[in-house]
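Participant: This is the structure, below, for whatever I ask next.
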Amino acid sequence: MSVCMGKSTACLFGAFVILCCCISHVTSDAADHRYNKGDSVPFYANKVGPFHNPSETYKYFDLPFCSPANVEEKKEDLGEVLNGDRLVVAPYKLNFQIDKEPESICKKRLTKKEVAQFRHAVLKDYFYQMYYDDLPIWGFLGKFDSEDKDDPTGATVHLFTHVHFEILYNNDRIIDVFIRNDPRAVVDLTQNREVEVDFIYSAKWIETDTPFEKRLEKYSQTSSLSHNLEIHWFSVINSCVTVLLLTGFLAIILMRVLKNDFIKFTPDEEAVDDQEESGWKYIHGDVFRYPRFKSLFAAALGTGTQLFTLAIFIFMLALVGVFYPYNRGSLFTALVIIYALTSGIAGYYATSFYYMVEGKNWVKILVLTGSLFSGPLFFTFCFLNTVALAYNTTAALPFGTIVVIFLIWTLVTSPLLVLGGIAGKNSQSGFQAPCRTNKYPREIPQLPWYRTTLSQMAMAGFLPFSAIYIELYYIFASVWGHQIYTIYSILFIVFIILLIVTAFVTVALTYFQLATEDHEWWWRSFLCGGSTGLFIYGYCLYYYYARSDMSGFMQTSFFFGYMACICYGFFLMLGTVGFRAALIFVRHIYHSIKCE
């Protein structure tokens with residue numbers, strides 16, 4: 001069976017390598033275009049929406065711009081659709097190296113309803129996004145003057161009507177694109193009346209010596225600025241100090257354990273007194289008693305192992321440069337495919353552990369494993385997609401995309417889950433406990449409040465969270481804002497530190513729990529390890545109300561809904577790490593005293 005799992009792992013790694021190469025190849029080819037003078041350049045309009053609400057985006061032509069009779073949509077991949085991109089051919093014609101004098105796209109008379117639409121968009125700081133030769137372009141719809149920006153009632157509202165493009169090129173390649181709005185070419189939309197508007201655009205081509213390979217560097221410079229790097233490295237050093245302190249703390253614990261083991265064989269009174277302090281020895285007949293709700297416990301371990309594997313693969317893709325700035329949809333595509341491919345890992349580890357602890361119903365454990373994370377995610381998606389449909393935003397997935405995801409789950413995820421479960425069921429490996437378990441459980445003594453599960457979870461989650469909270473801000477500002485995160489090497493270091501701190505803290509708390517003769521450590525170690533996910537969700541509350549300007553029911557529901565799923569995933573993943581570390585530690589110390 002180990003050979004079978006070895007082959008499965010090799011196949012999974014091979015599939016990962018193919019996925020990595022495919023994503024890198026497709027995205028690099030999509031951006032590497034060479035042009036001759038006068039050639040047509042792909043130009044797409046994407047979406048519009050409030051600047052401070054990244055999830056609340058609408059189709060470009062949902063606003064009454066000059067639109068052609070037949071809007072030509074770009075064929076998008078799965079990741080682009082999941083990212084909320086809805087690209088259509090832009091109403092501008094900018095051929096390579098051809099300057100464009102101010103030219104009218106169209107003249108139209110805005111109705112009162114259309115004026116109200118534009119006015120609402122300007123007051124809400126709407127921006128629009130386009131792609132020219134796969135380079136992102138942003139612009140604001142207009143401007144308003146108000147004494148109180150938080151209360152724009154009575155503000156003077158102006159709509160920009162002239163868009164000027166400045167395009168940098170190097171030989172036969174496009175390097176950069178900028179949008180300039182003429183502050184004098186505006187239309188007053190303050191009054192609720194019909195308005196005549198002439199939408200105009202122009203373009204200027206400018207030669208530059210910037211090489212094509214560096215055209216995306218400006219999007220990652222914010223993360224690489226010296227003061228930002230100092231903050232990131234300070235976070236890493238702070239986390240490393242935490243790891244060193246915990247390592248020393250754990251070493252002291254192990255030394256004490258070994259000392260007590262030696263004292264056990266010393267027949268003097270002082271040794272007897274010391275041995276009485278070692279309460280963990282007295283529960284050797286109960287410490288390996290299988291936990292309650294072992295089917296749920298096994299499913300949580302299997303799902304946590306899958307999510308851990310998913311995180312590692314995503315980091316590998318990031319470190320090889322697949323997720324470069326504005327590589328549309330690559331991250332979502334990778335998440336969907338890798339999650340589907342790693343479902344066999346969840347099935348194997350859940351079922352094998354379930355049979356280790358003398359479980360019998362392997363079908364039940366597979367159903368539970370398959371729905372433990374995807375079930376809450378599915379119900380959250382259904383609710384949020386309904387909200388997005390009600391708001392008519394691009395965050396609402398089309399029916400075809402939902403069908404594709406369902407087929408992936410049906411044809412890939414579920415079969416691999418079952419195959420992994422069959423492999424785990426047939427592994428026939430025992431639990432290998434170093435101590436025999438008594439027939440009747442030992443009574444657990446009354447514990448003080450600070451040794452209860454909730455108190456231990458609070459202590460266990462605080463240290464790992466303190467090691468990552470600085471990096472969390474930059475991640476949130478990237479996912480729920482407009483900053484760009486590109487220093488994945490530092491993020492990977494912080495992730496490794498998070499795993500180490502979680503493991504050490506869980507081991508230390510498990511030791512203290514056993515020392516008080518509390519033998520129910522299985523669930524406690526999992527809950528303590530995963531408690532960092534609860535702290536991250538608490539940080540979500542702080543970020544939303546103190547560090548962001550997000551507002552509105554849709555944006556609020558998307559933020560807290562999807563962050564709840566992400567934090568739940570962290571809970572399962574880190575809980576699995578904590579339990580595995582505690583299991584290794586418990587097996588070691590009880591093996592060292594040679595219980596019979």
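Using N, Cα and C of the backbone, Cβ positions are placed for all residues, glycine too.
Given the structure is predicted, the values throughout are model-derived calculations rather than measurements.
Below are the features listed in TrEMBL for this protein:
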SIGNAL    1-28  signal peptide
TRANSMEM  231-254  transmembrane segment
TRANSMEM  296-324  transmembrane segment
TRANSMEM  330-350  transmembrane segment
TRANSMEM  362-391  transmembrane segment
TRANSMEM  397-419  transmembrane segment
TRANSMEM  457-476  transmembrane segment
TRANSMEM  488-514  transmembrane segment
TRANSMEM  526-546  transmembrane segment
TRANSMEM  558-586  transmembrane segment
Participant: Given the cut-off of 8 Å on Cβ pairs that are 6 or more apart in sequence, determine whether the transmembrane segment (488-514) and the transmembrane segment (231-254) share at least 3 such pairs.
Facilitator: yes
Participant: Top stretch among 296-324, 330-350, 362-391 for CB pairs under 8 A with the transmembrane segment (397-419)?
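Facilitator: Highest pair count goes to 330-350.
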Participant: Per the definition of 3+ C-beta pairs under 8 A with sequence separation of 6 or more, do the transmembrane segment (362-391) and the transmembrane segment (231-254) touch?
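Facilitator: Answer no: the transmembrane segment (362-391) and the transmembrane segment (231-254) share fewer than 3 Cβ pairs below 8 Å.
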Participant: If you count Cβ pairs under 8 Å, which stretch among 231-254, 296-324, 558-586 touches the transmembrane segment (526-546) the most?
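Facilitator: When the Cβ pairs under 8 Å are tallied, 558-586 comes out ahead.
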Participant: Are there residues at least 6 beyond the ends of the transmembrane segment (558-586) whose Cβ is under 8 Å from a Cβ of it, and what are they?
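Facilitator: Same-chain contacts beyond the ends: 55-56, 287-288, 300-301, 303-305, 307-308, 311, 372-373, 376-377, 380, 383-384, 387-388, 395, 460, 464, 480, 498-499, 502-507, 510-511, 514, 521-522, 525-534, 536-537, 540, 544, 550.
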